[in-house]
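Chemist: Sharing a structure below in structure tokens format, with a few things to ask.
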Amino acid sequence: MKEISKISIIISFLALWITSRLNSDDQTLIGFIFIFSFGILHGANDLVLIKNLKGNKNRSFLTFLGIYVLVVFISAILFLTIPLIVLIIFVVISAYHFGEQHFQDLENYKWTWGKPVFYLVYGSFILLLLFYFHNIEVQKIIFSITNYEISLVTNPAPLIISGVALLLLMIYNYFYIPTFKKIMVAEIIYLIVFALIFKLGSLIWGFAIYFILWHSIPSLHDQIKFLYGKYSFENFKLYFKSAFVYWIVSLIGIGVFYYFLKDEKIFDAIFFSFIAAITFPHAFVILKMFEKKA
Ligand SMILES: CC1=C(/C=C/C(C)=C/C=C/C(C)=C/C=O)C(C)(C)CCC1
């Protein structure tokens, strides 16, 4: 088991215990604090990462900043104009992005699309599991973003389909992907722990626990390795220093949005639209980073 997974599973068990101790509002508040800290931070060095990708070293930083701001801006406009389509694309990209982080160390499949399909199915299952346990709330947020009632969310079919697909792929992996064989039991235990946290905790708490412990922190670890050669606390400080300005700008950005709209009911909608706009370039940068690593 990877060192980082050991830490994540121990803290996840702790989170499970905390879930039973805190009321739902406190869980949500702490969940938001986690997302605004580690969650946003893990995407705050994207520009530095792009600059460090092969072939980009001689290009100007301002060019990347310009492209990045443009992509975020276009995503935000598209979110306002064709919200349902953009939300679906966002959820699909996020699912892939979660699976990619989680199973980065698996060796390649014989078929080219094997690994990407597995990433997508795994990430979709995680998100659909969370949506299933909080279907009414998710439906409300989707409605306030898109104005569409998505009955799919209350229907267990997508969860069942992704669950069966995941099971089949896991069985395939067990026989054909040697590194998966070693982690299979641990992966099943993780899924059970996620399901318990999602079921027992609030929506934001469940999302935050997965997003921070199983996505953002492992991603921070991999980004630091990519940028500075190895993970160490010294290198984490370097990462933090270079990410700091972008992190603060993002926090101020969402703060300003909230201040002007000041409607608590649509806070979740604004929050997820904001996350979506910064996720599009982020998922692309991380895809390129892992391609380079492979
Ligand atoms: C939880 C949740 C949603 C999805 C959030 C997602 C998919 C977040 C992905 C974030 C990523 C990938 C960040 C970058 O690394 C919806 C559909 C808005 C509905 C309300 C609850």
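Each residue, glycine too, has its Cβ placed from N, Cα and C.
What TrEMBL records for this protein is below:
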- 7-23: transmembrane segment (TRANSMEM)
- 29-49: transmembrane segment (TRANSMEM)
- 61-93: transmembrane segment (TRANSMEM)
- 113-133: transmembrane segment (TRANSMEM)
- 153-176: transmembrane segment (TRANSMEM)
- 188-217: transmembrane segment (TRANSMEM)
- 238-260: transmembrane segment (TRANSMEM)
- 266-287: transmembrane segment (TRANSMEM)
Chemist: Top stretch among 7-23, 61-93, 153-176, 266-287 for CB pairs under 8 A with the transmembrane segment (113-133)?
Modeler: 153-176
Chemist: Sequence gap of 6 or more, Cβ distance under 8 Å, 3 or more pairs: do the transmembrane segment (7-23) and the transmembrane segment (266-287) meet that?
Modeler: no
Chemist: Which stretch, 29-49, 61-93, 153-176, tops the Cβ pairs under 8 Å count with the transmembrane segment (266-287)?
Modeler: 61-93
Chemist: Cβ under 8 Å to the transmembrane segment (238-260), counting only same-chain residues 6 or more beyond its ends: which ones?
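Modeler: Distant contacts of the transmembrane segment (238-260): 36, 40-41, 43-48, 220, 223-224, 227-228, 267, 270-271, 274, 278.
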